[in-house]
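The structure under discussion appears below in the form of structure tokens.
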Amino acid sequence: MHILVVSVNYRTAPVEFREKLTFQAAELERAMTTLQNQKSVLENVIVSTCNRTEIYAVVDQLHTGRYYIKKFLADWFQLEIEEVAPYLTIFEQDGAIDHLFRVTCGLDSMVVGETQILGQIKDSFLEAQQVKATGTIFNELFKQVITLAKRAHSETTIGESAMSVSYAAVELGKKIFGELTDCHVLILGAGKMGELALQNLYGSGARKVTVMNRTLSKAEVMAEKYMGHAKPLSELQCALLEADILISSTGASDYVITKEMMTKVEKMRSGRPLFMVDIAVPRDIDPAIDELEGSFLYDIDDLQGVVEANRAERLKEAEKIQFMIEEEIVLFKTWLSTLGVVPLISALRDKALAIQSETMESLERKIPNLSDRERKVISKHTKSIINQLLKDPILVAKEIAAEEGADEKLALFAKIFDLEMEDVESRAEEVEHKRAWTPSVPSL
């Protein structure tokens, strides 16, 4: 079994390409189900955000797994593998495990230490569980990763100086306008990104706020929380006439604001500038609008400069979290190494229980007048003796499994206890067969 990550992210691909490889929320479960049926893929979780699309997979062979995951991405987005490959980063084994920990803890984010990615990873994992795309390995790994990420944010101050991308957009607006009290702010999109932007705007003094969304009721709910106004998207052109700051994150598949629309709006704005931030992927605003004299457009990649402002302080805390990650990886790898010894332990227990059962049958033949209570007491105590005798050998077997040359040592272990290796290997095959269909872990 091998753990593999295939990543397209803000470090390796511009937004123009990332938006071509973005899974919509509604299609994520279908995508993971499709990927699960690909050759070599045993488990998978797909994470798709504005800054990254990543496939986490357990595969039976690294080379085969890499190829079929690349092919899946290309086929799904109707591209050629040659078009996709230059933008992919691939992590394998320890590197893949470390990458997942770092991403979930916010250490690989554009804004180091942001917490939004933790929720996105958790949501993707739970969706993968629902479609039975995860098994023994990922159920354990993702549970461990999510738990550590929560602990990292509670035990360090990285979140205090960290910013989400939406917060970075607000900071950029403050640098341009100074105080936001008198600015008319227009929010397009009532999703998580839009609400995060509105929270930060409100916290920075903005009070003239309009929220627009395709579903007006959602815009009304969000606007009411922050004493703003809600309008339907059909009134967008009029709203653009009044706005000073526009932050857009609708999740639409096409441009919500076109250059043609903005050209008409500019003529009626009497030279007033409009600061526009597009934090959607795919983008909501036609990038050609930046050519217009009165429109100042920034997309998600342009926010990198704002993000750097608090970077030094966050990196100090990131070092602490990286140390926590390394400790956790050791624990996971130790657990992973013991999976191979499970069939051996199972065979040892079964042999011991068979001896106990034969002993009880012999005892009952020799002492036929035992009461039910006496049988239960004797059975309980003989099983207790077995458990105590097996406790140390089982611990030793688990320790051996984590050492170099484990196969030879475990073979000797099996020989000492006269265990049939064919039986052990048969049990191992059953474990591998069932691994991808392990019941979901409890909700995190």
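Glycine too: its Cβ is placed from the backbone N, Cα and C atoms.
Quick look at what Swiss-Prot lists:
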{"type": "ACT_SITE", "residues": "C50", "note": "active site, nucleophile"}
{"type": "BINDING", "residues": "T49, C50, N51, R52, S109, E114, T115, Q116, Q120", "note": "substrate binding site"}
{"type": "BINDING", "residues": "G189, A190, G191, K192, M193, G194", "note": "NADP(+) binding site"}
{"type": "SITE", "residues": "H99", "note": "site 'Important for activity'"}
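Feature map: Swiss-Prot annotations on the structure.
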residue: T49; record: substrate binding site; Cβ within 10 Å: 22
residue: C50; record: active site, nucleophile; Cβ within 10 Å: 24
residue: N51; record: substrate binding site; Cβ within 10 Å: 25
residue: H99; record: site 'Important for activity'; Cβ within 10 Å: 21
residue: S109; record: substrate binding site; Cβ within 10 Å: 26
residue: T115; record: substrate binding site; Cβ within 10 Å: 19
residue: G189; record: NADP(+) binding site; Cβ within 10 Å: 27
residue: G191; record: NADP(+) binding site; Cβ within 10 Å: 15
residue: K192; record: NADP(+) binding site; Cβ within 10 Å: 14
residue: G194; record: NADP(+) binding site; Cβ within 10 Å: 26
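Following the DSSP three-state reduction, the secondary structure of G194 (NADP(+) binding site) is helix. For the pair Q120 (substrate binding site) and G189 (NADP(+) binding site), the C-alpha distance works out to 18 angstrom. Sequence-distant neighbours of M193 (NADP(+) binding site): residues of the same chain at least 6 apart with a C-beta under 8 Å from its C-beta are C50, V165, S166, S249, I279, A280.
Within 8 Å of the centroid of the Cβ atoms of G189, A190, G191, K192, M193, G194, where the record puts NADP(+), the same chain has further Cβ atoms from I187, E195, L196, A197, S249, T250, G251. The number of other Cβ atoms within 10 Å of the Cβ belonging to A190 (NADP(+) binding site), over all protein chains shown, comes to 25.
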